[in-house]
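Asker: Sharing the record's features from TrEMBL:
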type     : residues                                            : note
TRANSMEM : 16-36                                               : transmembrane segment
DOMAIN   : 35-139                                              : domain 'Class III cytochrome C'
BINDING  : 56, 59, 64, 67, 68, 83, 84, 112, 115, 116, 138, 139 : heme c 1 binding site
BINDING  : 69, 80                                              : heme c 2 binding site
BINDING  : 133                                                 : heme c 4 binding site
Ligand code: HEC
Ligand code: HEC
Ligand code: HEC
């Protein structure tokens, strides 16, 4: 096919197109990297009776998805409380349960406690700090 524009112009347009395609890929990855950065500030867990602080820093080695799990094939960075709304401890997937349950229906998922239990192993001090109630690192 014979183009209307002279050859040199086509050549430049082609290059510009390629550059802008590369640029948009780079920009897209960059903005995703920002979107996937964990908050540096200490957050307060939403639906607890007494205040409970959550810090991403000691969890930096983990994959985000270990806590911000997939829901219907999509990852969600919303607050856990956006979906785990039930304040009644005994309700299915209540806020209390997804934090404290010692087992999960889906063995690939972990609550705060199932993971902390594994991390602490037989170390008594760590068990108290990471899986205890009072005077633990979670509750005063
Ligand atoms: C050990 C579990 C855990 C890991 C790992 C984790 N997070 Fe979180 N994240 C939380 C909890 C808990 C909250 C607070 C939710 C709440 O209070 O309901 C939170 C909150 C957030 C929020 C704030 C949501 C809002 O609406 O304010 C963002 C954003 C976020 N995490 C991003 C990330 C990213 C990105 C990663 C991976 C680099 C990551 N998190 C890893 C547990 C985790
Ligand atoms: C977009 C909604 C949504 C968000 C946000 C969400 N979850 Fe879930 N979660 C669900 C659904 C739905 C289930 C039950 C289905 C399943 O097992 O996938 C579930 C199940 C779980 C389970 C497994 C319970 C069991 O016994 O198998 C855990 C643990 C859990 N969530 C923790 C969290 C944590 C911690 C956060 C916040 C960092 C969070 N979820 C954020 C919707 C959500
Ligand atoms: C998949 C594993 C995993 C999950 C899930 C997890 N944690 Fe942790 N958590 C860790 C590890 C690893 C540490 C660091 C332990 C150490 O210091 O040896 C830690 C440490 C902590 C500490 C102590 C921080 C300090 O100052 O030393 C708190 C508090 C804590 N986690 C809260 C939570 C809460 C709340 C949740 C659930 C929303 C949660 N964690 C879920 C792995 C996990």
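Cβ from N, Cα, C; glycine included.
How buried are these features, and what lies next to them?
Answerer: Across the domain 'Class III cytochrome C' (35-139), DSSP helix (H, G, I), strand (E, B) and coil residues number 33 helix, 8 strand, 64 coil.
Taking a C-beta cut-off of under 8 angstroms and a sequence separation of 6 or more, residue 68 (heme c 1 binding site) has the following same-chain neighbours: 75, 76, 77.
Under a cutoff of 8 A between CB atoms, and with a sequence separation of 6+ in the same chain, the neighbours of residue 69 (heme c 2 binding site) are 75, 109.
The Cβ neighbour count for residue 133 (heme c 4 binding site), using a 10 Å radius over every protein chain in view, is 9.
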Asker: Sort out for me which one of 56, 84 has the most neighbouring CB atoms within 10 A, since those are the binding-site residues we care about.
Answerer: 84
Asker: Taking the binding-site residues one at a time (64, 80, 115, 138), which has its Cβ surrounded by the most other Cβ atoms within 10 Å?
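Answerer: By the 10 Å Cβ neighbour count, 138 comes out on top.
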Asker: State, in Å as a whole number, the widest CA to CA span among the heme c 1-binding residues 56, 59, 64, 67, 68, 83, 84, 112, 115, 116, 138, 139 given in the record.
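Answerer: Spelled out: the longest distance between any two Cα atoms in 56, 59, 64, 67, 68, 83, 84, 112, 115, 116, 138, 139 is 23 Å.
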Asker: Averaging the per-residue pLDDT over the domain 'Class III cytochrome C' (35-139), what integer do you get?
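Answerer: Here the predicted model's pLDDT, averaged over the domain 'Class III cytochrome C' (35-139), is 91.
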